[in-house]
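For 29-300, the entry in TrEMBL reads domain 'Gcp-like'. Per TrEMBL, divalent metal cation binding site is recorded for 109, 113, 130, 294. Per TrEMBL, the feature substrate binding site maps to 130, 131, 132, 133, 134, 162, 177, 181, 266.
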């Protein structure tokens with residue numbers, strides 16, 4: 001019964017998780033929150049992670065009721081993500097692995113989300129909509145790879161939402177996306193925004209540029225409220241995501257859809273995806289904020305699958321990469 005310790009710190013979340021044979025034993029997490037109207041810089045985010053990671057490690061072990069002797073493998077996020085935070089976490093993971101004399105595993109962040117989603121929901125072979133601050137992809141498993149059927153051609157949907165939040169000076173606590181979601185519930189007017197789907201791919205830079213350009217003028221003249229803009233942005237970008245996911249499901253003949261990534265917590269996105277799935281006679285699977293948002297347990301779970309399949313990362317190859325595509329990884333643990 002292998003127990004795997006996972007470190008995640010690819011963006012502004014830092015988490016340490018413990019997984020043993022499909023059971024999440026611990027999953028503490030901290031978030032680096034910046035003032036309204038600002039984003040998070042790599043250097044500042046890395047300093048935040050370095051300041052809390054050892055406390056999180058001890059917290060995870062205590063919560064799991066384990067000691068270092070009980071851990072069989074150390075997993076960490078190899079990429080993709082922000083360079084400085086990734087390096088900070090990788091250094092700690094390498095050090096712990098050597099101090100405890102444990103094997104090391106570098107995990108693809110995107111695959112961590114997928115494997116955690118499959119574990120928590122019980123989805124067997126879903127078409128995956130992966131939506132976060134740094135990634136937007138529609139994925140399905142085939143022949144030892146998680147194949148990307150569609151993706152953003154510019155910025156991620158979460159990045160689009162975050163940058164829109166800065167325009168309106170929406171709070172980053174607990175997250176800009178969550179606060180946009182709450183404001184959107186009070187929106188009453190649908191403002192027409194650019195809708196850009198190109199085959200299986202989507203583009204969000206145009207809609208962001210448009211809304212950045214017109215937002216203050218429309219608010220000043222009373223054409224709409226901030227809540228209306230939040231509502232309109234959500235409805236437009238989520239409709240784009242539902243469209244390409246449905247097209248991928250039709251192509252794959254899939255009867256399951258799984259939403260993963262931080263934006264996947266959004267209940268309106270889940271509602272729109274559920275409507276699409278019901279119309280297709282398919283099932284929707286989603287998780288809550290404990291597992292949708294970046295966390296250490298998802299890296300531990302992917303590491304657990306890789307460890308059982310015989311994967312190991314030699315120390316000489318235990319660096320990080322900011323660009324690490326989902327379909328680069330050979331998935332030897334699935335049939």
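Glycine is treated like the rest: Cβ placed from N, Cα and C.
What TrEMBL says about a protein is an automatic prediction, not a curated fact.
Neighbour density for residue 113 (divalent metal cation binding site): within 10 A of its CB lie 33 other CB atoms from the protein chains shown.
The binding-site residues recorded for this entry are 132, 134, 177, 266, and the Cα of 132 lies nearest to that of residue 294 (divalent metal cation binding site). There are 25 other Cβ atoms within 10 Å of the Cβ belonging to residue 132 (substrate binding site). The binding-site residues listed here are 134, 177; among them, 177 has the most other Cβ atoms within 10 Å of its own Cβ.
The Cβ of residue 130 (divalent metal cation binding site) lies under 8 Å from the Cβ of 110, 113, 114, 136, 137, 138, 139, 260, 261, 264, 326, each of these being in the same chain and 6 or more residues away along the sequence. The Cβ of residue 266 (substrate binding site) lies under 8 Å from the Cβ of 177, 181, 234, 238, each of these being in the same chain and 6 or more residues away along the sequence. Distance noted between the C-alpha atoms of residue 134 (substrate binding site) and residue 109 (divalent metal cation binding site) is 11 Å. Taking Cβ-Cβ distances under 8 Å and a sequence gap of 6 or more within the same chain, the neighbours of residue 109 (divalent metal cation binding site) are 8, 10, 77, 78, 79, 80, 81, 294, 299, 324. Within 8 A of the CB centroid of the divalent metal cation site residues 109, 113, 130, 294, the other residues of that chain are 10, 110, 112, 114, 132, 135, 260, 261, 262, 298.
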